[in-house]
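K.L.:
As annotated by TrEMBL, substrate binding site applies to 84, 85, 86, 87, 106. TrEMBL lists 107 with the feature Mg(2+) binding site.
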């Protein structure tokens, strides 16, 4: 996001209200908790859908992030965590700016020491399965909101928005 102060998500919604109207700018519902040291982050979206399994997530995080944001549709499961402290640290070290999990995380204290933005529904101590089930680079519906591979994601303490186009001034 550079050295200048980032635009607040609320300001982006005001400035780009026409994109809210036509559906190109979509706020995610306020169901996510904030984790990690980076409370403000933005990046190109990479999507993965997996249910109580994180093999595909680990594959993505092992790659260079190049300032992208990983959006994980964990189907809202509250029965296992998708990301833990080790994966958050690896994501940070590989250049991912943020991870949004429509599901749970674990190792909250470790994640909160990482210089990465993480959003999740909640924490849960049980690890996920490792069968490799899921899909990569697919359109997701996160809490009723469409998120596509290649969208732009912007997050701060007010919330998360996704946009079909990169927003200027961010």
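Backbone N, Cα and C define each Cβ position, glycine as well.
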K.L.:
Round to a whole number and give the Cα-to-Cα distance in Å for the pair residue 85 (substrate binding site) and residue 107 (Mg(2+) binding site).
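P.N.:
Taking the Cα atoms only, residue 85 (substrate binding site) lies 5 Å from residue 107 (Mg(2+) binding site).
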K.L.:
Calculate the distance in Å between the alpha carbons (Cα) of residue 87 (substrate binding site) and residue 107 (Mg(2+) binding site), and round it to a whole number.
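P.N.:
Here the two Cα atoms lie 10 Å apart.
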K.L.:
If I take the alpha carbons of residue 86 (substrate binding site) and residue 107 (Mg(2+) binding site), what is the distance between them in whole Å?
P.N.:
8
K.L.:
In the same chain, outside 84, 85, 86, 87, 106, whose C-beta lies within 8 angstroms of the Cβ mean position for the substrate site?
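P.N.:
Along the chain, the qualifying residues are 81, 83, 88, 89, 105, 107, 110, 111.
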K.L.:
For residue 106 (substrate binding site), which residues in the same chain are close in space, meaning a Cβ under 8 Å from its Cβ, but six or more apart along the sequence?
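P.N.:
In sequence order, 81, 83, 84, 85, 123, 124, 125, 126, 127 meet the Cβ cut-off.
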K.L.:
Indicate the candidate from 86, 107 with the smallest number of other Cβ atoms within 10 Å of its Cβ, considering only these binding-site residues.
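P.N.:
It is 86 that, of the binding-site residues 86, 107, has the fewest other Cβ atoms within 10 Å.
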